[in-house]
Amino acid sequence: MEASLTARDRVGIQDFVLLDNYTSESAFLDNLRKRSHENLIYTYIGTLLVSVNPYKELDIYSKKQMDTYMGVNFFELPPHIYALADNVFRTMQSEYNNHFILISGESGAGKTEASKKILQFYAVSCPSTKLLNNVRDRLLLSNPVLEAFGNAKTLKNDNSSRFGKYMDIQFDHQGGAVGGHILSYLLEKSRVVHQNHGERNFHIFYQLVEGGEEDLLRWLGLERNCQHYRYLVQGDCAKVSSINDKSDWKMVRKALSVIEFSESDIENLFAIIASVLHLGNVKFEADVRGYASLNNNQEMHWLLGIPTQVLQQGLTHRKIEAKTEEVLSPFSVDHAVYARDALAKAIYGRTFNWLVNKINESLANKDSSRKTVIGLLDIYGFEVFNVNSFEQFCINYCNEKLQQLFIQLTLKSEQEEYEMEGIEWEPVPYFNNKIICDLVEEKHRGIIALLDEECLRPGEATDLTLLEKMEEEIGGHPHFVTHKLADKKTRKTLERGDFRLLHYAGEVTYCVVGFLDKNNDLLYRNGKEVISFNFYCKKQVVTQFKSSLVGLTEILMSKEPWYVRCIKPNEAKQPGRFDDVLVRHQVKYLGLMEHLRVRRAGFAYRRKYDIFLQRYKPLCPDTWPNWRGTAAEGVQRLIKHLGYKPDEYKMGRTKIFIRHPRTLFATEDAFQICKHRLATRIQAKYKGYRVKGDYLKQREAATKIENCWRGLMARKEREKRAWASLILFLRFIKGFMTRNQPSCNDNSEYLAYVRTNYLTRLRDNLPRTVLEKDAWLTAPPILFNLLEIKYLYLLFCFPCFQLLLKEQTSSMFKGKKENYPFSVCKLTSELTFRLRPLFLSAVTSCVCVSLPQYSVPVVKYDRNGFRPRLRQLIFTQEAAYLVEETKIKQRIDYSSLKGMSVSNLSDNFLILHVTCDDIKQKGDLVLQCDYLFEALTKLCVIANKQNYIKVVQGSVRFDIQPGREGFVDFKSGQESMVYRAKNGHLMVVSPGQNISGSACSSDLV
Ligand SMILES: Nc1ncnc2c1ncn2[C@@H]1O[C@H](COP(=O)(O)OP(=O)(O)O)[C@@H](O)[C@H]1O
Ligand SMILES: [Mg+2]
């Protein structure tokens, strides 16, 4: 995008705003010439499009081209009429306001072509539905119909519009073309009866004669030969190579049916056209008195269905009202011809208006919802002929008005806007043509006022008296000259009956002859009887035209303007020829240099703060989604975030002004990207919302089903329970009644209940000792049997035994060994066998010898060298065994157990002292046991050696074998360690523990 904005185009530059020497007309012309030689017919001045007529078909209007320009930023692609059309459309869509495209330029410069291209673009680019396509077709096809009736071949253009056309295209809020309306201005009716050499009448006459079906022609009394009709041959060029009347006829017929003209409407329409041709052939002869007469004129037969007598009288006589009487005054032949032509013009003019109204009916959108509008104004360009008459005067006046509008809307309003916005402005000098508009249209003094006055005043008013009057009234005006008023030099260029206006576009000399008649445009009084409606217009033609122009100006002023300036490169309608003088002239009167100067001095883009903010606020986190402050502050924050440089923009009072298009487009592009992101988010939110809604509905439904199901199940359960409780109750009663009988089916449940009940109560009210037999709850009689007592024993005495053991341990170790308090909790264990898996079989084998009472894993230290070995210590009723896997390593009869030593520290070592008489016998056992207190207590109880335990301090001596002793030294340290000290003793280090500070101390301890 940047590239197309700043880089020079292949030939010349594509936007005059980027022209280095932008004040030079020659540089402007050079660029235009260069480009048009390369068939680059479009060039921008900002958003204004300059179009040079190529006079040949270019391959730039294809559907592909349309697609390329659709929805693309204006300056992104090479200039094109499609870019302008697309930009107008999108601005209308986004800002929801009305626009118009003013297409101006000389006759033959390409205005009508441009307006057609725009219409075609909308036909393709706008959304389409069946209904919209219908409207679209009518909009498109209204063109060939209007062109057939309103266009003609002139010297300048083979398809010259001989009327001004303003067309509104109405769009609904989605951008669909839903309707249209056409206004026509000042049809050049004089062409019906007269054409200059090399020119033709309106196309429709030739189309009808050349293309009309045989039947139709016969019915209309026409012959297929244009040469037969006087109204068609005055220009002497009924046939033109560039025009194919036959195919155009077909097109018009098709268009008429699409626009929904009824068959009878179409027939009548062509009957009127044929009548005009016949009328043209009506010949008058002078009778003996020199008056016009219409003897045996065959044409009369075909005319309008009017009684011949009435028509004849109407064409040859004039009705004069004298007081109460009406007198018929006969015409001379000249007068009669004049009356005939006037009638022909009037009929054609009315028919054209009727046609426009019919088309409007067909295009009208009856829906009252608000629509936006794009207006297309294709109006005759400035015209200068060798002899310029009333028509040129009106046309050029129209162009003056449009130039004035242009000045008001752009140049002037631009300056005023800058002033209003408080933005510094470098004044651009321009010629304000208001002075010429005033000269023409000023009340009482303007040319139009004088013309009307002259037409209406009593007495002999002629074109020359008009000229005199003008000289009298406006003789001193700087833009008005006549032969009489001119200086010597100028006088040579003027005829006596001429007046010259110095238009903004240049000088035009008008011949005053015919001004009054053309302005009156009236039929003689009884003309109205001829075609039964009132022809006599109360307003003069030029005044009507003036007021329709005022109306048009009002329509345009309420819309946003866009401009297409068409330039005609040569008079010869030849491709590739660029006539410098001709183009320079057009550049001047189209005001292009002034427009460029304004553009360069100013800013490419401006928008009200709120509109700008509304559009671009998603680009800044501070302004999105809502900005709380004023719009101007919001915009300031936004552009700061976007990084606009100070010279790229200016802040006005109500608008932001952006100097270069590139700044804007960077912003626009960022917005486009952002928009997609936002759309995705909104979409995601919406989808989430919808799915959540579905989910909630489903959940609600599921809950309902669940509730019903649960209710159903609960009701079933209740019934079941009610039934069950009845059964149970009956069984209970039966059980109670048979409670004293031996256990049987009837009472077993009841007895079980009684037993459970008793035992539960017993559990909560146990006697303190086994011996307190009286304190036991009295059991129900059924519980008094052996099994129950055993059961009770197991249930209650075993814990009591455990308590006895605890008491034993306490008496042996309490206050003597450091880690005793920590063992108290452990002692509650009811385990009898603490086994390493490996020792399981050993235990089993021991069991075979005699029943093991207790077993515990130990680490046994070799008497020589103190190597640790994993062993299991098993106590039976007679002896203790040290077992390795399945092997009994040492048996210690309790009778030979002479003592047991432990240290007072927190280690788990115990030394079992045995009596050994024989050297072959094994000596004392040095063991480490994690369940030291439990094991020792069990040993003491089983071996009945309660007083054999010695708690020693420092060191324990033991027998390795008879006569050889060893030592185990105990001491406190940081951490537990067992090692062979240098002195050959086994050193056992245990972490010191404070007996009195123990958290485990309790009453039981
Ligand atoms: N863009 C164009 N491409 C090709 N030919 C064109 C183009 N514009 C105008 N012409 C030619 O110029 C002729 C006159 O154009 P037209 O639009 O009728 O002029 P205007 O309406 O300004 O009097 C057309 O008939 C056509 O031959
Ligand atoms: Mg035209």
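Each residue, glycine too, has its Cβ placed from N, Cα and C.
TrEMBL does not curate its annotations; it predicts them automatically.
The Cβ of Gly110 (ATP binding site) has 26 neighbouring Cβ atoms from other residues within 10 Å, across all protein chains displayed. Feature annotation from TrEMBL assigns ATP binding site to Gly105, Glu106, Ser107, Gly108, Ala109, Gly110, Lys111, Thr112.
Residues annotated as domain 'Myosin motor' in TrEMBL: 12-672.
What TrEMBL lists as domain 'TH1' is 810-992.
In terms of DSSP helix, strand and coil, the region 'Actin-binding' (549-571) has 9 helix, 8 strand, 6 coil. Annotation comment: TrEMBL describes 549-571 as region 'Actin-binding'.
For ligand 1, the binding-site residues lying close by, meaning a CB under 6 A from one of its atoms, are Ser107, Ala109, Gly110; the full candidate list was Glu106, Ser107, Ala109, Gly110. Compute the center of the Cβ atoms of Gly105, Glu106, Ser107, Gly108, Ala109, Gly110, Lys111, Thr112, which mark the site for ATP; besides them, the chain residues with Cβ within 8 Å of that center are Asn53, Asn157, Gly381, Cys566, Lys568. Checking the binding-site residues Ser107, Gly108, Ala109, Gly110, Lys111, Thr112 against ligand 2, the ones whose Cβ sits under 6 Å from it are Lys111, Thr112. Residues belonging to the domain 'TH1' (810-992) score a mean pLDDT of 83 in the model. On its own chain, Lys111 (ATP binding site) has Ile103, Ser104, Gly105, Ser161, Asp378, Ile379, Gly381, Val564, Cys566 as residues at least 6 apart in sequence with a Cβ closer than 8 Å to its own Cβ. Secondary structure at Lys111 (ATP binding site), taken from DSSP and collapsed to helix, strand or coil, is helix.
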